[in-house]
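Peer 1: Heads up, here are the entries from Swiss-Prot:
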ACT_SITE  Asp291  active site
BINDING   Arg130, Asp202  substrate binding site
BINDING   Asp203, His315  Mn(2+) binding site
COMPBIAS  90-107  compositional bias 'Pro residues'
DISULFID  Cys169-Cys180  disulfide bond
DISULFID  Cys198-Cys261  disulfide bond
DISULFID  Cys365-Cys374  disulfide bond
CARBOHYD  Asn168  N-linked glycosylation site
REGION    85-110  region 'Disordered'
TOPO_DOM  30-380  topological domain 'Lumenal'
TRANSMEM  9-29  transmembrane segment
Amino acid sequence: MLKRCGRRLLLALAGALLACLLVLTADPPPPPVPAERGRRALRSLAGPSGVATAPGLEAAAAAAPGAPVREVHSLSEYFSLLTRSRRDVGPPPGGAPRPADGPPRPLAEPLAPRDVFIAVKTTKKFHRARLDLLLETWISRHEEMTFIFTDGEDEALARRTGHVVNTNCSAAHSRQALSCKMAVEYDRFIESGRKWFCHVDDDNYVNVRALLRLLGSYPHTQDVYLGKPSLDRPIQATERVSENKVRPVHFWFATGGAGFCISRGLALKMSPWASGGHFMSTAERIRLPDDCTIGYIVEALLGVPLVRCGLFHSHLENLQQVPASELHEQVTLSYGMFENKRNSVHIKGPFSVEADPSRFRSVHCHLYPDTSWCPRSAIF
């Protein structure tokens, strides 16, 4: 009896050992190919009928029970509908732009000055009062990448720098005039073939070294919209979709007064709404200024989120709060009035506030102490 039990136990152990060896030596199943992954992703989104439905469309169907739900048969169609439904439904509550602040990003691609197109928007009445200061400071070092967009002929300005574009737009500070200039800026950038488009106003100082570092951390072929919103929530607008139909739309936008940048990859996708005069008609759909229209095209129509960057500064913020020890890291600065007080960065330098109310000359000497007109004994 004992011998029989022992024989059975040995046979059971041998069988278990053989099964383990077969499992260990068997080839693992091959990983799914990309197309199969796509089909599985679509199946995971499918309802009982086996047909995938884009998120956001279910909510729309629930709001209108009789409305048909669009069927999705491929990943590309799914993401297209996802973008469209995001535009229609609006951003989720508390949604915010992706931040670019924090530790420096690794370099994605080295950039040369000729890779960047900086458009400076101005008007003829400010050629002397504002542009002369920029030409004396940061533009003097970076004429190759800077293009001035104005609304009137100025032979003296044209002789001083070769990159002056008379847009023939109105000199009024109106929604239509601002959009007219932005339309010309966009078209000139596309024609230039450069990698990055950056827009600033004539009251901005651009720290080009910091700008190149920032842009170099993003591939220009990807969809990148960099800037700083002036609002703490998405702007709400009314989008005209036909003669008798409007609908609400929500989106973030980077304020033009602080400057913003757009990659070439994204700018090319904006073409149906921005090129060849389409920008002005797009602006009329929401009846908002040029910088808002940029945000509308990028966020609401293309579904690309704004990347918030605190290194851009406008006169709408308290510039006294920018630490003097971090001025070399800032991409743009500004000046003006804030709460009925003079608003400029706080920096010690060779020029008094009376002689340098914008503090741009002092900032320039801080960044470029070898400038010929900067005092050699300057203390910052």
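Here the Cβ of each residue, glycine as well, is placed from N, Cα and C on the backbone.
The model shown is predicted, which means the values in this text are computed figures rather than measured ones.
Have a look at these and tell me how they're positioned relative to everything else.
Peer 2: All chains included, 24 other C-beta atoms sit within 10 angstroms of the C-beta of Asp291 (active site). DSSP assigns Asp291 (active site) to a helix in the three-state reduction.
Asp202 (substrate binding site) carries neither a helix nor a strand DSSP state and counts as coil.
Using a 10 Å Cβ-Cβ cutoff, His315 (Mn(2+) binding site) registers 19 neighbours.
According to DSSP, Cys169 (disulfide bond) sits in a coil region rather than a helix or strand. The number of other Cβ atoms within 10 Å of the Cβ belonging to Cys169 (disulfide bond), over all protein chains shown, comes to 23.
Applying an 8 A CB threshold to same-chain residues 6+ apart, the list for Cys261 (disulfide bond) reads Trp196, Phe197, Cys198, His199, Leu211, Leu214, Leu215, Val224, Tyr225, Leu226, Gly227.
Other Cβ atoms within 10 Å of the Cβ of Asn168 (N-linked glycosylation site), summed over all protein chains shown, number 12.
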Peer 1: Would you list, in sequence order, the recorded positions among Asn168, Cys180, Asp203, Cys365, Cys374 whose CA lies within 10 Å of the CA of Arg130 (substrate binding site)?
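Peer 2: Neighbours among recorded positions, in sequence order: Asp203.
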Peer 1: Going by C-alpha positions, which of the recorded positions (Asn168, Cys169, Cys180, His315, Cys365) is nearest Asp202 (substrate binding site)?
Peer 2: His315
Peer 1: Among the recorded positions listed here (Asn168, Asp203, His315, Cys365), which has the Cα closest to the Cα of Cys180 (disulfide bond)?
Peer 2: Asn168
Peer 1: Nearest by CA distance to Asp203 (Mn(2+) binding site): which of the recorded positions is it, out of Asn168, Cys169, Asp291?
Peer 2: Asp291
